[in-house]
Amino acid sequence: MAADNKNRTSVSEMIEQQKRKRKFFNQLERMIPGLLLIIASISVLTTIGIIYTLFAESVAFFRNVPILDFFTGTVLKPLSQNPEFGVLPLLNGTIISTVIAMLVAGPIGMMSAIYLSEYAPDNVRRVIKPLLEILAGVPTIVYGFFAFTFVTPLLRMIFPSIEATNILSPGIIMGVMIIPMIASLSEDAMSSVPNSMREGALALGSTKLETTFKVVIPAALSGIIASFVLGISRAIGETMIVAIASGSSKNFSFDITGSMQTMTAYIVEVAGGEAAAGTTIYYSLYAVALTLFVFTLIMNLLAKYISRKFREEY
Amino acid sequence: MSTVMTKAINLKLVRNENERSEPEVEKEVVYDTKGLNLWYGETHALKNINMDIKEKEVTAIIGPSGCGKSTYLKTLNRMVELVPIVKTSGQITYKGKNILDKSFRVEDLRTQVGMVFQKANPFPKSIYENIAYGPKIHGIKNKKILDEIVEKSLRGAFIWDELKDRLNDNAYGLSGGQQQRLCIARCLAVEPNVILMDEPTSALDPKSTLRIEELVQELKKDYAIVIVTHNMQQAARISDKTAFFLNGEIIEYDKTDHIFNNPTDERTGDYISGRFG
C-alpha cells in the first residue's frame with residue numbers, strides 16, 4: 001500500500017490540479033442567482049402583461065359603454081342593431097354553473113377524501129387514488145361532449161322539458177371533473193394531520209367519526225379550504241364544457257334546465273366569430289375577461305383570508 | 001438534576017413512611033389480566049401475561065425497549081387495535097367484563113380509561129377547547145358546566161394558575177411540560193377510573209418531569225394509574241407496584257420495594273442494576 005502511494009499524486013495535489021478547471025464553474029455559480037431570478041420573473045412579467053392588456057383594452061370598451069350599464073345591465077345583445085352590453089347574464093351563468101359544480105364536487109370530493117384518509121385500508125387507497133387522478137387527466141372537451149350527448153339525455157328522464165343545451169348538465173359534469181381535485185388535495189391535508197392527534201381523540205372515547213369531524217378536519221381545514229377554492233376557480237374558469245353543453249342563450253334567468261352562457265363561453269363565442277378589431281363587441285371581450293379575472297382574484301384573496309382565520313396550527 | 005434526585009429520595013422516604021403507618025386496606029382490583037397473548041402478525045409480542053391492577057395505586061411497568069410494555073398498556077384501552085394486524089387471546093377483565101370481547105364497546109372503555117402519551121398531543125385548538133373536547137363529545141353542551149369542568153380539570157393537573165388567563169390561547173403555544181400536564185387535565189375532564197401513562201416524561205426536562213411525578217402522586221388518591229417508563233428511578237420513586245417485562249413476558253411483578261431491593265429473579269436484578277437494557 002505504502003509503495004503504491006509513493007507513485008501516485010496525493011488527493012490534495014489532484015484537487016489542486018482541478019482548480020483551474022473549476023474556475024468556469026465558480027463564475028457560473030456566481031451568476032446562478034441572477035439567471036434564476038430572470039427565469040422566475042417570467043411568470044410575474046407575463047401576469048403583469050396580461051393585466052395591462054386587459055385594462056388597456058377594457059378602457060376602450062368603457063369609452064363606448066358606461067361602466068355602470070355594463071355591471072348592472074341584465075340585457076346582453078352584442079349583435080343587435082342597438083347592441084346592449086350588460087354582463088349580468090354572463091355573471092349569472094358563471095355563478096350558477098359554479099354553484100352546481102360545487103354542490104356535486106364538494107360533498108362527493110370531501111367524502112371521498114374522508115374515506116381515503118381515515119377509513120380505507122392501504123391497498124384500497126393505493127388503487128383508488130391513482131384512479132381519481134386519471135379522472136383529473138381527462139381532457140375537458142371529452143367531458144363537454146359527455147355532458148352534451150350522455151348527461152343531458154339522462155336528465156331528460158327527470159326533467160322532460162330540459163333544453164338540448166342547458167346549464168345543469170355541464171354544471172354536474174364540471175363537478176365530476178373537480179371531484180378528484182378536492183378529494184386528492186383534501187386527502188393530502190387530512191393525511192398530514194399527525195396520528196398522535198387521532199390517538200388523543202380516540203383515547204378520550206371518541207368514535208372514529210367524531211375524531212374525523214372534530215379533530216382531523218378542523219386540523220386540516222386550511223388545506224381543505226384551499227382545495228375547495230381551487231375547485232371553484234377551476235369551475236369559474238372552465239370553458240370547453242359549458243361552451244359545448246350549455247349553448248349561448250344570453251337571457252338573464254335562473255332556470256337551470258335552460259341554456260345559459262358563462263363569461264368564458266361568451267369569450268369563446270365572440271372570439272370565434274367575426275368580431276372585427278376595434279368594434280365595441282371586440283372590446284367587450286376584454287371587459288368580460290377583466291371581470292372574470294377580478295372575480296377569480298377576489299376568490300383567491302377570500303380563500304387566503306378564510307384559511308388564515310380558521311387555521312389550526314400544529 | 002441533583003434537586004430531582006434529592007426530591008426523589010424524599011418522595012421515596014415519604015412513601016415508605018406512609019406504607020409503614022398505613023394499615024393494609026384491601027384495594028379493589030380494576031384490571032385482571034389472565035393468560036393474555038398478543039401477536040403483531042407473526043410476532044408473538046405478549047406471552048401469557050397474568051397481572052392484576054388495583055385502584056388507587058401506581059403500577060409501573062419497566063423493561064428494555066421492545067419488551068412489550070407499551071403494547072400491554074395499549075391493550076388495556078384497546079388502542080393497540082389501531083395496528084390492523086394485531087391478534088389477541090386470553091382475557092382482560094375490567095370491572096367484571098372482558099374488554100377483549102369484540103362486543104365490548106371500545107368507546108365506553110376509553111371513556112373510563114384515560115391515556116397520556118409519550119409525546120404530548122394536545123389538539124390544535126385553544127386550551128379551553130382541549131379540555132372541553134372530551135365532555136363535549138359525550139354530550140355535555142352547557143357552557144356553565146363546561147366552564148366548571150375546565151377549571152376543575154386544570155386545577156386537578158395543577159396547571160390552572162399558570163393557564164387561567166390564557167384559556168383561549170392555542171395549546172401549541174405552551175411549553176412541552178405544560179402541554180403534557182394539559183393532556184393529563186384533558187384526560188381528567190371525563191373523570192376516568194384509570195389513567196394509563198406511556199412514558200409520559202421521556203420528552204421532558206427534569207423540572208417538568210418532577211412536576212408530573214408529583215402530580216401522579218396526587219392523582220393516585222382517586223385513580224388507578226399504570227405507567228410505562230424506561231426510567232427505573234422513576235418507577236422506584238412513584239410506583240407502589242412494579243412489573244418487569246422482558247421479551248413479551250412478565251419476569252416479576254411485585255411491590256416496588258421488593259422489586260428494587262430484593263428481586264426474586266436474577267434477570268430483574270441485572271436489569272435494575274443496569275447490567276443490560
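Each residue, glycine too, has its Cβ placed from N, Cα and C.
Annotated domain 'ABC transmembrane type-1' per TrEMBL: A:91-303, in sequence order.
The transmembrane segment annotation in TrEMBL covers A:31-55 (among others).
Summarising the annotation, TrEMBL assigns transmembrane segment to A:91-114 (among others). Beyond the transmembrane segment (A:91-114), the same-chain residues lying 6 or more positions past its ends with a Cβ under 8 Å from any Cβ of the stretch are 128, 132, 167-168, 170-172, 174-184, 186-187, 190, 212, 217, 224, 227-228, 231-232, 235-236, 238, 242, 246, 252-254, 256, 260-265, 291-292, 295.
Positions annotated as transmembrane segment by TrEMBL: A:134-155 (among others).
The annotation transmembrane segment is assigned in TrEMBL to A:167-186 (among others).
Positions annotated as transmembrane segment by TrEMBL: A:215-232 (among others). Only residues 6 or more beyond the boundaries of the transmembrane segment (A:215-232), in the same chain, are considered here, and those with a CB under 8 A from a CB of the stretch are 98, 101-102, 105-106, 109-110, 113-114, 117-118, 178, 181-182, 184-186, 188-190, 192-193, 197-198, 200-201, 206, 299-300, 302-303, 306-308, 310-312, 314.
What TrEMBL lists as transmembrane segment is A:280-303 (among others).
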Distal contacts, the transmembrane segment (A:280-303) - CB-CB under 8 A, six or more residues away:
50-51, 53-55, 57-58, 60-62, 64-65, 70, 78-79, 83, 85, 87, 90-91, 94, 225-226, 228-229, 232-233, 236-237, 263-264, 266-267, 270-271
